[in-house]
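Trainee: Just passing along the structure, written as structure tokens.
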Amino acid sequence: MQILLANPRGFCAGVDRAISIVENALAIYGAPIYVRHEVVHNRYVVDSLRERGAIFIEQISEVPDGAILIFSAHGVSQAVRNEAKSRDLTVFDATCPLVTKVHMEVARASRRGEESILIGHAGHPEVEGTMGQYSNPEGGMYLVESPDDVWKLTVKNEEKLSFMTQTTLSVDDTSDVIDALRKRFPKIVGPRKDDICYATTNRQEAVRALAEQAEVVLVVGSKNSSNSNRLAELAQRMGKRAFLIDDATDIQEEWVKEAKCVGVTAGASAPDILVQNVVARLRSLAVAKPFRWKAAKKISFSKCRKSCESIFVKSIKSLAA
């Protein structure tokens, strides 16, 4: 069996930043530290932080007065921010800068009296936070997930309409929805730069190339991770057997026992230790040597972080108008 490792894979800069904020808060203030929603969607990461004293909550009312509160990487609505401000809390914001960019796009549209359409998955915390940035009572904020949703949608003013996207969507699916939006609402305006983050796009490109070589693709990521689910779906659409796994213990021998080539990748919130454990598990099932498949242009983590920060700074300047 040959094992191909997608590159890039695993942690993105926004996830690493969010985890570091929680770790630093624990180191400085000590336990307990309260985190609104799972800081990132990965069971291993969340369990590790919980063991160190992080308490994950969904409602601000669960946080006692005088406590430390951290917003997750997915961002929160303006209503949640206002509620936290009204309490005697010390608040730190771990929202991914690229999610904040989308928040600012929505807030700008709201100020200008434009209506906004968000492409995203209902119920996802990032979507809830982004929808909650719109506050103009005379306008409207709408959520669509598919081209069918677009054709059924009615807005108040088609002349002043813009769209944004959740940052962790499938590039292919989003393209189809955007095409439908432009046909349904010819005057709709999109973001100056694609809202789907570079880490999501790069990892999807890597899986696309990986799936051309591998018979089976294993995606390391939790079930509630949007970007991890999109990676598994992409490989499946390419006709490959693909499985989303939390860790190596999820691997079933029958998945890979006949495979000559197995591809492995990880979602943006999955640490590399989990990938290492998956490789070890595969090697225990067969004589296997892992190869690093350069399925996408390799970008060093430091460059990813600089890119993330650069995009954020440029976005602030462009959206401040």
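Don't overthink the numbers, they just go from 1 along the chain as shown.
Every residue, even glycine, has its Cβ placed from backbone N, Cα and C.
Relevant sequence annotations retrieved from Swiss-Prot are reproduced here:
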ACT_SITE  Glu126  active site, proton donor
BINDING   Cys12, Cys96, Cys197  [4Fe-4S] cluster binding site
BINDING   His41, His74, His124, Ser225, Ser226, Asn227, Ser269  isopentenyl diphosphate binding site
BINDING   His41, His74, His124, Ser225, Ser226, Asn227, Ser269  dimethylallyl diphosphate binding site
BINDING   His41, His74, His124, Thr167, Ser225, Ser226, Asn227, Ser269  (2E)-4-hydroxy-3-methylbut-2-enyl diphosphate binding site
Trainee: Roughly how wide, in whole Å, is the group His41, His74, His124, Ser225, Ser226, Asn227, Ser269 that binds dimethylallyl diphosphate, by largest Cα to Cα distance?
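Mentor: Largest Cα to Cα distance for the dimethylallyl diphosphate-binding set is 15 Å.
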Trainee: Please name the residue among the binding-site residues Thr167, Ser225, Ser226, Asn227, Ser269 whose C-beta has the most neighbouring C-beta atoms within 10 angstroms.
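Mentor: Counting Cβ neighbours within 10 Å, the top one is Ser269.
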Trainee: Around the (2E)-4-hydroxy-3-methylbut-2-enyl diphosphate site (His41, His74, His124, Thr167, Ser225, Ser226, Asn227, Ser269), what further same-chain residues have their C-beta within 8 angstroms of the site's C-beta centre?
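Mentor: Once His41, His74, His124, Thr167, Ser225, Ser226, Asn227, Ser269 are set aside, the remaining close residues are Val40, Glu126, Thr168, Asn224, Ser228, Gly267, Ala268.
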Trainee: What are the sequence-distant neighbours of His41 (isopentenyl diphosphate binding site), meaning same chain, six or more residues apart, C-beta distance under 8 angstroms?
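Mentor: Counting only residues 6 or more apart in sequence, the Cβ neighbours of His41 (isopentenyl diphosphate binding site) under 8 Å are Gly221, Ser222, Asn224, Ser225, Ser226, Ser228, Gly267, Ser269.
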Trainee: When the Cα-Cα distance from Glu126 (active site, proton donor) is computed for each of the binding-site residues Cys12, His74, Cys96, Cys197, Asn227, which gives the smallest value?
Mentor: His74
Trainee: Given the binding-site residues His74, His124, Thr167, Asn227, state which is nearest to Cys197 ([4Fe-4S] cluster binding site) when distance is taken between Cα atoms.
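Mentor: With Cα distances computed to Cys197 ([4Fe-4S] cluster binding site), the winner among His74, His124, Thr167, Asn227 is Thr167.
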Trainee: May I ask which of the binding-site residues Cys12, Cys96, Thr167 is closest to His124 (isopentenyl diphosphate binding site) if we compare their C-alpha atoms?
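Mentor: Spatially nearest to His124 (isopentenyl diphosphate binding site) by Cα position is Thr167.
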Trainee: Taking the Cβ of the residue listed as 'active site, proton donor' as centre, how many other Cβ atoms lie within 10 Å?
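Mentor: So the Cβ neighbour count for the residue listed as 'active site, proton donor' comes to 26.
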Trainee: Taking Cα atoms as reference points, rank the binding-site residues His74, Thr167, Asn227 by distance from Cys96 ([4Fe-4S] cluster binding site) and give the first.
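Mentor: Going through His74, Thr167, Asn227 one by one, the closest to Cys96 ([4Fe-4S] cluster binding site) is His74.
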Trainee: Among all protein chains shown, how many Cβ atoms are found within 10 Å of the Cβ of Cys96 ([4Fe-4S] cluster binding site), not counting that one?
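Mentor: Its Cβ shell of radius 10 Å holds 27 other Cβ atoms.
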Trainee: Quick check on the binding-site residues His74, His124: which one has the highest count of other Cβ atoms within 10 Å of its Cβ?
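Mentor: Per the Cβ count within 10 Å, the most buried is His74.
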